[in-house]
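Features reported for this protein in TrEMBL:
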ACT_SITE  A:Ser136  active site, charge relay system
ACT_SITE  A:His178  active site, charge relay system
ACT_SITE  A:Glu205  active site, charge relay system
Number of protein chains: 2
Amino acid sequence: MCPAPIEDDGKRGFIIPIGGGEDRVKEMAIHRKFVELSGGPDADIVVIPTASMLEETGPDYHRIFSELGAGKVEFLPIAQRSDCDNPEFSEMLDNATGIFITGGNQLRLSAILGGTLVAQRIRRRNAAGVPVAGTSAGASIMSEHMVAGGSGSTAPAEGNVTLAPGIGLTNAVIIDQHFTQRNRLGRLLTASSYNPFLIGLGIDEDTAAFIGPENVLEVVGSGTVTVVDASQLTHSSMWDARPGEALSLLGLRLDVLNEGCRYDLTAHMAYPPDEHLALCALPVTDGDNTA
Amino acid sequence: MCPAPIEDDGKRGFIIPIGGGEDRVKEMAIHRKFVELSGGPDADIVVIPTASMLEETGPDYHRIFSELGAGKVEFLPIAQRSDCDNPEFSEMLDNATGIFITGGNQLRLSAILGGTLVAQRIRRRNAAGVPVAGTSAGASIMSEHMVAGGSGSTAPAEGNVTLAPGIGLTNAVIIDQHFTQRNRLGRLLTASSYNPFLIGLGIDEDTAAFIGPENVLEVVGSGTVTVVDASQLTHSSMWDARPGEALSLLGLRLDVLNEGCRYDLTAHMAYPPDEHLALCALPVTDGDNTA
């Protein structure tokens, strides 16, 4: 799915993939910024849990977002595709000022949400300026092309990644999560090299990429976001490789970003935390060290 | 240690780091090329085994190099530092047309060989045109700055790599081995970012980088050589990171090379197998597909 069109005078909302395993009890820096972007005391946050995790995750996210000052927190109890066409859910999303997609299995998420009114509303609300965050599987599903699975390895290899269509908030990137923790560079390199148009974002646990309206992302959290840029690829042996064969990929660019670093997805440029850049100015909260 | 000076009309011999675990029974492509470079039927190959492995590795390498047609194969039975100043060993090295350093522990190797006549002779013979190959620990020890140890991870982190002085056949690169198999990208990124002058070579098992006299390397074997080029680094948080903290490294270049690919260490350029490049023309043997 492609991103919904943005109105002439409007700005897309933040897209916030989180690498999973984020801090939910101490600083909660990632959730804190999400709540602020959603309006703080005026926020109306709608959480989309994967059906299987509803009982556990529901109360947890209600506590987190309430503790952080969100005015209202609601859940969409989606267990199957038919739930997604409930008009009440569409109305809840139409009123939402922030949308949060929890973890689980991204293929289950895409299979349940894909092509439904819920997926359509998420795209439309994001295009209208509403921030959408997702963690783990909820991060993967955000892009048009989604990493559905694959094996953990540093090296790229034909067939070591499975792609599927996501809900398509952005088509500039392809997202992988639990990145360092599960050794996923190889599959992200493979995915990026399939079509070098896509910038690969490898997001660590307890780390998020806040992708602003101007397609500049800023990193928040304790780990790193690895940006794989294959746009300058000079050679790839991907198309004639046998399954499992070692591949050549020449001309890759890699940026490893920690907290406060930014990356301009349009210009393919990385910036350190202390460099002046008006784009993607996240709200500054107490105790955080982002620019 | 620095490379020995090359005489005016001379050319340095090939430097051949191998990632360990190379095929010793089937095609033996890496050893085959090494024997050819050493002179084939006229070859006088001297093997430097780590003391602890002598009993097992000695007969094995004798079989391999003899099967591949080497005229003469000898061993230096080095068990301790004092052995390295045996004048007979210096003479054997002075007559060698190929030198092979086996695996083991690179710190043991450097602690035993470092600063001895054997290390000096290896450097001098290489500067005089003799190829020197080393596998696993024997690969690590070839460079001036050696990866002595560290933890396996995709992400760079301050303190996740230990460096030590190697025997210094080259100071253009820093070498890591068993690369994909032991998930060593993070420590190689860390090492390269310590001083971006160094190009990092991450060499897979059953894979070798044949670094020619002109500092162009060619890949032989079933895996890949990952080239980490930090020379265009625009930002690093290495110097003010706390131990274990996530680091930023912006502006890295990465080339993943499979068999037949070449990399010019001076120009920092990668070339696919089919591209014409006169440099580093390895001898073509039956059944191999290098250019």
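Cβ coordinates are placed from backbone N, Cα and C, and glycine is handled just like the others.
Keep in mind that this is a model prediction, so the values were computed, not measured.
Taking the features listed in TrEMBL, we show where each one sits on the structure.
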residue	record	DSSP class
A:Ser136	active site, charge relay system	coil
A:His178	active site, charge relay system	coil
A:Glu205	active site, charge relay system	coil
Cα distance (Å, whole number) from A:Glu205 (active site, charge relay system) to A:His178 (active site, charge relay system): 5
Pairwise CA distance, A:Glu205 (active site, charge relay system) versus A:Ser136 (active site, charge relay system), rounded so that it is a whole Å: 8
In the chain carrying A:Ser136 (active site, charge relay system), residues 6 or more apart in sequence that have Cβ under 8 angstroms from it: A:Ile18, A:Gly19, A:Gly20, A:Gly21, A:Thr102, A:Gly103, A:Gly104, A:Gln177, A:His178
C-beta crowding around A:His178 (active site, charge relay system), within 10 angstroms: 21
